[in-house]
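S.K.: So TrEMBL lists these for the protein:
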SIGNAL    1-22  signal peptide
DISULFID  C32-C49  disulfide bond
DOMAIN    63-213  domain 'Cupin type-1'
BINDING   N108, H113, E118  oxalate binding site
BINDING   H111, H113, E118, H159  Mn(2+) binding site
Amino acid sequence: MKTSMAYVVAIFFALFSLCVYATDPGSLQDFCVATKNPNDAVFVNGLFCKDPALAVAEDFFLPRFNKPGVIKSPVGSVVTQANVAQIAGLNTLGISMARIDYAPYGLNPPHTHPRATEILVVLEGTLHVGFVTSNPDNKLFTKVLQKGDVFVFPEGLIHFQFNVGKTPAVALAALSSQNPGVITIANAVFGSKAPISDDVLAKAFQVDKKVVDYLQSQFWMDN
């Protein structure tokens with residue numbers, strides 16, 4: 001009996017291992033449309049790899065990440081990226097960083113990272129941070145962070161950071177993707193190109209179309 005049970009367990013784990021290896025790789029961009037025409041095959045899921053013999057130290061280097069970003073956004077914050085677009089050597093490594101600078105009472109507005117979990121550490125200032133769980137609960141987890149505190153935002157969930165202090169604040173974030181992506185909720189909903197129908201948004205938000213039209217007329221800039 002013990003032999004039979006051990007055999008069944010071995011079969012189970014063998015099948016489970018096959019399932020694990022058969023899963024698709026995580027997406028590294030918004031989409032990757034299949035093509036049957038090799039002449040159309042310009043993009044890959046990620047970026048093409050340089051011949052390792054041609055790699056140089058600069059491929060793994062980004063200077064002056066300690067330099068504060070210039071805040072131009074009306075929300076009062078700026079994000080400086082350190083992902084595969086800035087550091088070519090991050091390709092396939094599944095990790096990246098970002099520096100966030102906040103003006104007094106500056107906000108990194110509600111947004112999501114569709115391909116990454118984020119872990120954030122406060123270097124200077126006091127931040128009110130939080131994230132909201134998925135439907136149907138939509139539970140808010142929130143915390144006020146001081147210098148040296150760390151907080152985690154799970155992959156894909158809407159989250160934010162707000163500088164509640166009278167002085168500038170700085171935070172560093174690590175993300176579990178070379179290209180985590182970002183969807184700023186207000187920008188995506190009211191600043192899409194082309195605009196989402198105001199009939200759709202008025203019904204979704206249960207407001208008058210004039211409110212939607214006003215929001216769509218605003219200048220939505222990337223943070």
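Each Cβ is built from the backbone N, Cα and C atoms, and glycine gets one as well.
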S.K.: Among the binding-site residues H111, H113, H159, whose Cβ has the fewest other Cβ atoms within 10 Å?
M.R.: H111
S.K.: Taking only the Cα atoms, work out how far H159 (Mn(2+) binding site) lies from E118 (oxalate binding site), in Å, as a whole number.
M.R.: 10
S.K.: Using the recorded oxalate site (N108, H113, E118) as reference, state which further residues of the same chain have their Cβ within 8 Å of the centre of those residues' Cβ atoms, listed in sequence order.
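M.R.: Along the chain, the qualifying residues are A98, H111, T112, A116, L120, F153, H159, A173, L175, P180, V182.
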S.K.: For the Mn(2+) site given as H111, H113, E118, H159, which other residues of the same chain have their Cβ within 8 Å of the site's Cβ centre?
M.R.: T112, A116, F131, F153, L157, I158, P180, V182
S.K.: Would you kindly give the Cα-Cα distance separating H113 (oxalate binding site) and C32 (disulfide bond), rounded to the nearest Å?
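M.R.: Given the Cα positions, C32 (disulfide bond) is 18 Å from H113 (oxalate binding site).
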S.K.: How many Å lie between the Cα of E118 (oxalate binding site) and the Cα of H111 (Mn(2+) binding site)?
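M.R.: Cα-Cα, rounded: 12 Å.
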S.K.: Using C-alpha atoms only, work out the spacing between N108 (oxalate binding site) and C49 (disulfide bond) and round it to an integer in Å.
M.R.: 33
S.K.: What average pLDDT is reported by the model for the domain 'Cupin type-1' (63-213)?
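M.R.: The answer is 97, the mean pLDDT of the model over that range.
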S.K.: Cα-Cα, whole number of Å: H111 (Mn(2+) binding site) versus C49 (disulfide bond)?
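M.R.: Distance (Cα to Cα, whole Å): 30 Å.
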S.K.: Pop the Cα-Cα gap between H113 (oxalate binding site) and C49 (disulfide bond) into the table, whole Å please.
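M.R.: C49 (disulfide bond) to H113 (oxalate binding site), Cα-Cα distance: 24 Å.
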